[in-house]
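Asker: One structure, as structure tokens, below. Some questions next.
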Amino acid sequence: MLLGVNIDHIATLRQARYATMLDSFNVEPSVLDAAYAAQRGGADSITLHVRGDRRHMQDADALSVRESVALPLNLEMGNTPEMVDFALRLKPDYICMVPEKREEITTEGGLDAVFHEKDLAPTMARMADNGIQVSLFIDPEVPQVEAAARLGAPMIELHTGCFANHSGRERTEELARLKRAAELAHSLGIQVNAGHGINYQNLEQLLAGVPYLHELNIGHTIVSRALFVGMEQAVREMRQAIDRLS
């Protein structure tokens, strides 16, 4: 199973101090150094989200990681003309289409692929024409998986936030939803990834309950752990946990 490391919150920390002076010589922490550390720790890919409001990752961050880090790059992005143009300039290995709300702290739910199907189709076609694979970040619901299949998405990322944020019976119900969605996607020939809220504590339950997972995209818990053990070691611990449990 592959581990994609999301390094957005390295940029979040940097922006807390240097948002208005990114050209300063002493800006820290370095997004590029975090990507290198993730690579040394065993990451299989780097994920970053360039949001429309540029609240954390900047265009220059994505471009520097793409140019310098020898790992596949996954760009999370909203389906806007601006971001489509940027993705075509960046040429990541793949993109993950996500919803965006300016008032949210982080992405709060999956993209409604059913509602936005007509808007997504031309974007996905443009990306395919440029050799960029497209994933859709969706809630684990049958209609969403079916919409992804109609759009010809080669992969999806199941939103695991509800699983992560609940316990007891509600978490069991979320696991069942994830399992059904993963099984359906697999039967339709769609690669199944997962992300949002996955941490060192809930990883075992997720992997035991959801089949056919190909890649996990994990960020906040790794960056949080890195505050105490360093980025490379935090990634290594997650890599070892995935290898042990999968």
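Heads up, the Cβ atoms here are built off N, Cα and C, so glycines get one too.
The 3-amino-2-oxopropyl phosphate binding site annotation in Swiss-Prot covers Asn6, Arg17, Gly197, Gly219, His220. According to Swiss-Prot, the 1-deoxy-D-xylulose 5-phosphate binding site annotation covers Asp8, His9, Arg51, His56, Thr106. Per Swiss-Prot, the feature active site, proton acceptor maps to His49, Glu76. Annotation source Swiss-Prot lists site 'Transition state stabilizer' at Glu157. Marked as active site, proton donor by Swiss-Prot on the basis of sequence analysis: His196.
I'm curious about the neighbourhood of these features; can you describe it?
Answerer: Cβ environment of Arg17 (3-amino-2-oxopropyl phosphate binding site): no same-chain residue six or more positions apart lies under 8 Å away. DSSP gives Arg17 (3-amino-2-oxopropyl phosphate binding site) a helix state.
DSSP assigns Arg51 (1-deoxy-D-xylulose 5-phosphate binding site) to coil in the three-state reduction, outside any helix or strand. Within 10 Å of the C-beta of Arg51 (1-deoxy-D-xylulose 5-phosphate binding site) we count 19 further C-beta atoms, all protein chains included.
Other Cβ atoms within 10 Å of the Cβ of His49 (active site, proton acceptor), summed over all protein chains shown, number 23.
In three-state terms derived from DSSP, Glu157 (site 'Transition state stabilizer') belongs to an extended strand segment.
For His196 (active site, proton donor), the count of additional Cβ atoms within 10 Å of its Cβ stands at 25 [all protein chains shown].
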Asker: If one measures from the C-alpha of His49 (active site, proton acceptor) to the C-alpha of Asp8 (1-deoxy-D-xylulose 5-phosphate binding site), what distance in angstrom results, rounded to a whole number?
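Answerer: The separation of the Cα atoms works out to 6 Å.
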Asker: DSSP secondary structure for His9 (1-deoxy-D-xylulose 5-phosphate binding site), reduced to helix/strand/coil, please.
Answerer: helix
Asker: Whole-number answer please: how many Å between the C-alpha atoms of Asn6 (3-amino-2-oxopropyl phosphate binding site) and Glu76 (active site, proton acceptor)?
Answerer: 10
Asker: Restricting to the recorded positions Glu157, His196, Gly219, which ones have a CA within 10 Å of the CA of Asp8 (1-deoxy-D-xylulose 5-phosphate binding site)?
Answerer: Gly219
Asker: Which value in Å gives the longest Cα to Cα span across the 3-amino-2-oxopropyl phosphate site residues Asn6, Arg17, Gly197, Gly219, His220 as recorded?
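Answerer: So the binding residues stretch over 25 Å, Cα to Cα.
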